[in-house]
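Have a look at the structure below before the remarks.
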Amino acid sequence: MVKICCIGAGYVGGPTMAVIALKCPAIEVAVVDISVSRINAWNSEQLPIYEPGLEDVVKQCRGKNLFFSTDVEKHVSEADIVFVSVNTPTKTQGLGAGKAADLTYWESAARMIADVSKSDKIVVEKSTVPVKTAEAIEKILTHNSKKINFQILSNPEFLAEGTAIQDLFNPDRVLIGGRETPEGAKAIQALKDVYAHWVPVERIICTNLWSAELSKLAANAFLAQRISSVNAMSALCEATGADVTQVSHAVGKDSRIGPKFLNASVGFGGSCFQKDILNLVYICECNGLPEVANYWKQVIKVNDYQKTRFVNRVVASMFNTVSGKKIAILGFAFKKDTGDTRETPAIDVCKGLLGDKAQLSIYDPQVSEDQIKRDLSMKKFDWDHPVHLQSADPTSITQVSVVGDAYEATKGSHGICILTEWDEFRKLDYQRIYDNMQKPAFVFDGRNVVDVEKLREIGFIVYSIGKPLDSWLKDMPAVA
């Protein structure tokens, strides 16, 4: 029986290994992590991450050919293929701080693999890593190998949170990069054989190592660029009276462009986009390509501008101050159908409003009070480091209450900010909400989920990203 071990039981490792176990019943799959609480959660009824369809997959395989364990060394030692899916956070200090990926956890995983291995292994990069990481990992493994042969493969993930299980069941492509040697080709084929249990072989792309590593960064940079492009257009739409949804629909009908990732919003978030672009910027700078680095930096600058613009619009619309005013925040996760708050635009929007002394009442159907308060008290990039290295003090957040439903959040509020596109926010009884709010009552729709005209008929003053401005908003322009 082929044995697979995955180091790292997070958003990538857990779901990916669960699907491999489901689709390959003859393969034994172990997911290992040093976090006892995380492994206990994977072995419980309450999984540590929320992802539609994940629970069903895990329950079908757990205890049969899918195992979650803290006995890292045992499972790594026994495995034929070792996936490494550990964190590669942005460095917070030292060389490349604020841009470069911190490979501390990757390096320690590689050293541990070398220490405990008694047989040849295929080591698979699953985390998003800088180009040429494989070379560094190879050196560590080779210099500590005790005559054991290691083949390094790059197999980046292309999962979208909220649809990760469907993405794994039916991927656009599976990318496998390896050395262009007979041994490298053999290792690529071994991993290809695993995916071929359910992925059509024409969707399994094989490249050299560096192409696979760079393809992941490039894919995320291109997707983020599309969001920043449409968000830049949304500002122009507001200034000219155009409607960004009509513009993006017209643009998306061009077959060369297509309609995906053209929804204007308060900004992109998630664990990958900003981190990967910063990483790309750093690699470009290190390779003497400042113009290329500056091009990608602009994608992040526009994203930051969009969040700042939104906060300024809120404050300017409400008589230039939100001090002491209750603002309802609907949605805190970075997108619907996930509880993930990493780099969510809600953090910067909330911090901006808190900076003007607003009182925030926050509701999200999947994010806990502890997580929200932790996020709002953290320094930038801290979220991606272990808890004991984080500077967060959730008790310092006194202007924030986290409540159990949208009606409680909005009761008595002066304004509502919709920051996640949860389906339930489209179906709320906005007449009931309006009746229980201070007047004038404002809705700032950062995800274009509400029926603007219907809300205006009720009596709301509505700001919707990239839509023609309410006459009230024209009289009170926001200065970005």
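Cβ coordinates come from backbone N, Cα and C, glycine included.
What TrEMBL lists as active site, nucleophile is Cys272. For Cys272 (active site, nucleophile), the count of additional Cβ atoms within 10 Å of its Cβ stands at 27 [all protein chains shown].
The NAD(+) binding site annotation in TrEMBL covers 8-13, Asp33, Arg38, 86-90, 127-128, Glu161, 272-275, Arg342. There are 25 other Cβ atoms within 10 Å of the Cβ belonging to Gly8 (NAD(+) binding site).
Confidence annotation: the domain 'UDP-glucose/GDP-mannose dehydrogenase C-terminal' (328-452) carries a mean pLDDT of 90 in the model. The domain 'UDP-glucose/GDP-mannose dehydrogenase C-terminal' annotation in TrEMBL covers 328-452.
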Check your understanding: How long is the line from the C-alpha of Cys272 (active site, nucleophile) to the C-alpha of Thr90 (NAD(+) binding site), rounded to the nearest angstrom?
Key -> 10
Practice item. Only counting partners 6 or more residues apart, tell me which same-chain residues put their Cβ under 8 Å from the Cβ of Asp33 (NAD(+) binding site). Key: Ile7, Gly8, Ala9, Gly10, Gly13, Ile39, Phe68, Thr70, Val72
Revision key, fill the gap. binding-site residues considered: Asn87, Thr90, Gln274; fewest surrounding Cβ atoms within 10 Å belongs to Asn87
Review point. Which residues, sitting 6 or more apart from Tyr11 (NAD(+) binding site) on the same chain, put a CB under 8 Å from its CB?
Key: Ile49, Glu51, Leu159, Glu161, Ala164, Ser271, Asp340
